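The following features are taken from TrEMBL:
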{"type": "DOMAIN", "residues": "14-147", "note": "domain 'Nucleoside diphosphate kinase-like'"}
{"type": "BINDING", "residues": "Lys22, Phe70, Arg98, Thr104, Arg115, Asn125", "note": "ATP binding site"}
{"type": "ACT_SITE", "residues": "His128", "note": "active site, pros-phosphohistidine intermediate"}
Amino acid sequence: MGSRTLPAVSAPTAERSLVLVKPDGVARGLVGQVIARLEAKGLRLVAAELRTLTTEVAEEHYGEHRERPFFGSLVEFITGGPLLALVVEGPRAIEAFRALAGATDPVKAAPGTIRGDFALEVQANIVHGSDSPESAAREIALFFPAL
Ligand code: ADP
């Protein structure tokens, strides 16, 4: 038997995502559980900051929802107290974190997901995670311009 060469498999490319533990998650003391879940999954923390958003930053962050009826209420909610902004990194980090977060509507989110386990309301749904590489780049630049 000759030696065999394994097919070349490219190393997984690290991707970054912006994750927020929203003000409801911080107020309810869920920061530790969210971080534990994403670290257990294998995502690595690259940046972390507790801060209260200005209306301007909140409107920029949720700009794609500007025309939606819930936009004003969403901005009020997300600026209503401190949130924890994180940048996480890992292979397919964007998709990986959204799978951990679960569906936007926590009632529809599967048990075992963050929203499925900890929330009942569509607005106060504990976490945000970037939904595409383009959004991740925009959101990381908005929250952590030095990265
Ligand atoms: P996701 O956060 O899962 O990417 P969206 O981008 O659709 O979801 O919405 C952004 C955020 O806006 C949601 O996480 C939630 O906090 C809020 N939101 C979405 N839909 C509604 C709604 N119908 N009423 C109130 N808030 C909403």
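If you go along the chain as it appears here, the first residue is 1 and each next one adds 1.
Every residue, even glycine, has its Cβ placed from backbone N, Cα and C.
Features recorded in TrEMBL, as mapped to the structure shown.
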residue: Lys22; record: ATP binding site; DSSP (3 states): coil
residue: Phe70; record: ATP binding site; DSSP (3 states): coil
residue: Arg98; record: ATP binding site; DSSP (3 states): helix
residue: Thr104; record: ATP binding site; DSSP (3 states): coil
residue: Arg115; record: ATP binding site; DSSP (3 states): helix
residue: Asn125; record: ATP binding site; DSSP (3 states): coil
Of Lys22, Phe70, Arg98, Arg115, Asn125, binding-site residues neighbouring ligand 1, Cβ under 6 A: Phe70, Asn125
All-chain count of other Cβ atoms within 10 Å of His128 (active site, pros-phosphohistidine intermediate): 23
Max pairwise CA distance, angstrom, over record-listed ATP binders Lys22, Phe70, Arg98, Thr104, Arg115, Asn125: 22
